[in-house]
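Enquirer: Below you'll find the structure I mean.
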Amino acid sequence: MMTRFLTTLAAGTSLLALAGMAHADPVVGEPAPAFEASTATGEAIALSDFSGETVILEWTNHGCPYVQKHYDGQNMQELQANAASDGITWIQIISSAPGKQGHVSAEEALALNQSRGAAPAHVVLDPEGTIGRAYEAATTPHMYIIDAEGTLRYAGAIDDQPSARSSSLEGAHNYVTAALDAMEAGEPIDPDQTVAYGCNVKYPG
Amino acid sequence: MTARPDLFCRYVLAPIACALALAGLAQAQWDNADPMVDASLVSERETVAPGETFHIALHQDITPGWHTYWQNPGDSGEPTRLSLTLPEGWQAGELIWPAPATYALGPLTNYGYADEVTLPVPVTVPESATPGPVTIEAEATWLVCEEICIPEDAELALTLTVGDSVSDRAGARLIDTALERAPVAAPQDVSAGLVRAGDRLQLSVAGGPFAAGESGVRNVYFFPHEGGLIEHSADQEAIFAPSGLALRLAPGFLAGDPVDEVHPGVLTAEFRENGRWQLRAYTIAPEPGLQVVELAAAAGTEAGRTGPTAPPGISLWQAVLFALLGGLILNLMPCVFPILSMKALHLVQKRDSDPAQARMLGLIFGAGVISTFVALGAALVVARAAGMPDLWGFQLQVPGVVAGLVLLMFLIGLNFLGAFEVGTSLQGVGGEVNPNTRAGSFLTGVLAVFVAAPCLAPFMAGALAFAIAQPPAIALVVFACLGIGLALPFVAVSFSPGLLARLPRPGPWMVRFKQVLAFPMFAVAIWLIWVLTLQTGATGMVWMLVALLATGFAIWAWQAGGSLGRVSGVLGVALVAGALVMTARLEPGAQASSQTDFEVWSPERVAQLQSEGRPVFVDFTAAWCVTCQVNKLGTLSDRDVREAFDTAGMALLRADFTNRDPVIAAALETHGSAGVPMYLVYPRSGGEPQKLPPLLTEDTVLRAIRAATANGSDAS
């Protein structure tokens with residue numbers, strides 16, 4: 001422990017390393033937490049597979065009214081379609097535990113997306129909440145953007161309207177779109193972190 | 001419809017049907033078919049007078065097990081919103097939020113309300129209001145969650161009459177209760193600050209009811225107004241000080257480093273008032289970058305409880321005084337003795353030849369001591385900034401430092417035996433002052449500090465703990481004072497001819513005395529090797545001994561002279577360096593406790609033993625702490641003390657701090673100790689422990705045992 005500390009100190013990164021040791025938090029500007037998962041279509045993926053591409057993580061729960069607002073209003077589907085045409089990998093993650101709201105089988109997840117006209121690149125089932133906890137995903141929806149270098153660039157709410165009312169979609173400032181535009185233009189993302197709103201992620205326990 | 005649709009689904013319906021049913025149910029409730037919250041608009045007054053300000057409120061009757069949200073909902077959720085449509089000229093103020101409660105759901109924490117809540121709004125009637133009925137309309141939206149979340153809304157209305165002011169008894173009762181639970185501005189004499197402390201945010205609150213200490217304040221919790229300031233699910237640990245308390249919070253992404261913005265919030269706590277615990281909530285706007293309590297002062301309180309010397313609370317001047325006294329007392333601690341003897345030898349050597357030089361050497365020694373203390377203080381400040389547990393003596397937890405000290409002691413011993421002379425190659429400046437003696441004096445000062453570090457004199461603990469919690473400049477002043485205290489006797493001796501004259505006359509005995517002093521040095525080296533063995537195991541010990549062997553060889557080869565000797569000497573030094581690196585790279589190993597009747601300490605074990613009605617003695621110790629060993633072999637091994645332990649049924653626990661341990665470090669900090677030794681005696685009847693002074697006497701321990709058991713019989 002102490003020796004490791006000294007070594008880190010020598011490397012001149014003690015502060016960051018200590019912060020990293022104390023919390024495995026996802027930190028904007030730092031490498032995004034790595035994960036491996038099998039998708040609803042049975043494919044094995046890892047975050048590292050997408051290095052060189054921008055990746056969007058979307059935490060979802062189809063029973064959550066806030067999620068419903070974004071799907072019923074076609075907002076989420078539009079974002080997904082735009083992302084796909086821009087070569088961005090969209091990963092939908094469902095961290096609802098068995099028996100809790102939003103928990104679905106792989107077939108159900110795919111069927112739901114088909115019925116909603118949603119087209120994420122991958123659907124990941126995370127019933128243990130492992131990926132959710134690594135990213136400290138708190139709500140559905142909760143959005144993350146990871147750049148081509150694997151750095152977490154945005155974490156937080158989908159937009160600035162913390163409401164489940166469909167009328168709140170009008171005139172909403174979409175943080176994800178704004179962040180993607182800023183990345184495209186090579187400008188700093190502002191804000192790059194927001195307080196996510198929505199239903200709590202239905203973790204086990 | 002069942003009240004627990006999720007359970008019903010889990011056990012009765014197939015999962016897919018369940019998911020669809022829930023979605024449908026949520027949708028149905030979204031349409032207010034069967035709301036989880038029964039909302040109404042209530043008023044303090046039935047009839048209001050023109051010009052009057054009164055409250056109306058949104059009242060929520062919440063289905064048991066469900067909750068609605070505070071203005072900062074925590075990790076998820078949405079605050080309740082109320083928008084009012086008032087008659088012409090009427091004005092509404094801000095929604096008043098009663099203090100919320102916390103709701104934990106797995107790793108997430110929410111802030112809100114269960115069962116029922118009333119959210120009042122002040123409303124002012126215009127002077128021009130004409131008598132007669134008026135209607136206030138309101139649109140309320142809220143999120144209500146249990147396992148699942150349902151957004152609900154309601155359109156509400158309230159009809160009042162303008163006339164003579166008449167109370168609405170039911171409404172007034174609800175609103176009064178809400179206003180009582182609402183946070184109020186903190187009293188004038190309360191100050192608050194928010195700083196970064198390593199990987200934590202530290203919220204400190206001083207004055208007013210917060211100065212009542214651990215026995216007067218409990219369950220302190222900070223609800224920030226903004227969502228990203230703290231990790232809502234992290235524990236909020238309270239540390240008490242005489243002037244107030246500090247809460248240790250896990251920072252969120254909004255928390256600056258350093259904190260440079262005001263982040264207001266609500267601080268709730270229970271205060272002991274007339275023998276009863278009363279929950280109160282205060283709105284605070286902690287000053288960014290300000291630490292308003294002297295956490296170290298907690299040590300002062302502890303000392304005040306256990307000894308008559310330290311008053312509760314330490315000001316800067318008191319801390320300076322204690323630091324000076326602590327430094328002086330350090331002179332008497334067992335681990336500083338060999339160094340002092342060494343220094344005495346130097347003074348005797350120089351006395352006759354030149355008193356001015358003796359003074360010079362005394363001052364240089366002092367400079368060595370003080371600059372080392374300041375350097376250690378600076379290192380402490382840096383370590384604190386890096387989030388290290390800033391505890392005194394911690395340098396001896398680093399195997400590399402211990403190995404270096406072993407080598408140093410070994411070299412000094414060899415030097416005393418005359419195996420080599422130091423500094424003959426240093427540039428001679430000429431005159432009567434020999435530069436190598438100056439350097440030697442300075443190094444002696446440096447050495448004195450390093451060896452003294454683990455010995456904590458009673459006065460020093462408070463001053464040190466004070467220094468730890470202070471801004472860097474003040475911490476450094478306190479450290480400098482410790483150094484001045486330690487150096488003072490010898491500087492005084494070097495200046496006062498009277499004292500100097502009492503030193504023995506120089507003579508041939510001095511050479512022998514110098515040689516004799518080599519053996520305490522070797523003894524210290526043995527002790528340090530023992531420490532190193534505990535830290536790094538047998539491998540570390542072997543590498544250390546290889547380093548010593550190579551050192552001996554290098555010195556011998558160098559002294560032998562000639563190019564072969566020089567080359568061999570350099571090779572030897574390289575081998576020493578390699579061996580030291582090998583030692584330093586070893587991971588600190590398992591902790592070793594040598595005495596078997598002591599159990600391994602843990603906070604849980606203490607709680608368990610106390611709940612069994614047993615008094616508990618805890619020895620916070622470390623192999624590198626000489627005072628600890630003195631107490632262990634002396635007072636704690638004393639037959640009377642052992643018998644008293646047995647008779648009292650005292651449970652003996654030992655916390656071994658030889659290697660760094662965050663739990664032990666936290667316990668030391670909680671009890672206001674900056675390092676080991678620390679001795680705590682928990683009474684049989686439960687409750688707070690008594691802290692004993694670092695240097696134990698038989699009498700102190702016996703008294704503490706009696707106190708710990710006497711309390712028990714009083715209670716039973």
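The backbone N, Cα and C atoms fix where each Cβ goes, and this holds for glycine too.
Sharing the record's features from TrEMBL:
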- B:1-28: signal peptide (SIGNAL)
- B:316-340: transmembrane segment (TRANSMEM)
- B:361-386: transmembrane segment (TRANSMEM)
- B:398-420: transmembrane segment (TRANSMEM)
- B:441-468: transmembrane segment (TRANSMEM)
- B:474-495: transmembrane segment (TRANSMEM)
- B:516-534: transmembrane segment (TRANSMEM)
- B:540-558: transmembrane segment (TRANSMEM)
- B:567-586: transmembrane segment (TRANSMEM)
- B:575-710: domain 'Thioredoxin' (DOMAIN)
Enquirer: Against the transmembrane segment (B:361-386), which of these stretches has the most C-beta pairs under 8 Å: B:474-495, B:540-558, B:567-586?
Expert: B:474-495
Enquirer: Are there three or more C-beta pairs under 8 angstroms joining the transmembrane segment (B:398-420) and the transmembrane segment (B:567-586), sequence spacing 6 or more?
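Expert: Per Cβ check, the transmembrane segment (B:567-586) touches the transmembrane segment (B:398-420).
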Enquirer: When each of B:398-420, B:474-495, B:540-558 is checked against the transmembrane segment (B:516-534) for Cβ pairs under 8 Å, which one has the most?
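Expert: Comparing B:398-420, B:474-495, B:540-558: B:398-420 has the most Cβ pairs near the transmembrane segment (B:516-534).
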Enquirer: With a Cβ cut-off under 8 Å, give me the same-chain residues at least six positions beyond the ends of the transmembrane segment (B:398-420) that come close to it.
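Expert: Sequence-remote neighbours of the transmembrane segment (B:398-420) are 342, 447, 450-451, 514-515, 517-519, 521-522, 524-525, 528-529, 531-532, 535-536, 540, 544, 547-548, 551-552, 555-556, 558-559, 576, 580, 583-584, 586, 588, 624.
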Enquirer: Treating G and I as helix alongside H, and B as strand alongside E, what does DSSP give for the domain 'Thioredoxin' (B:575-710) in helix, strand and coil?
Expert: 63 helix, 22 strand, 51 coil
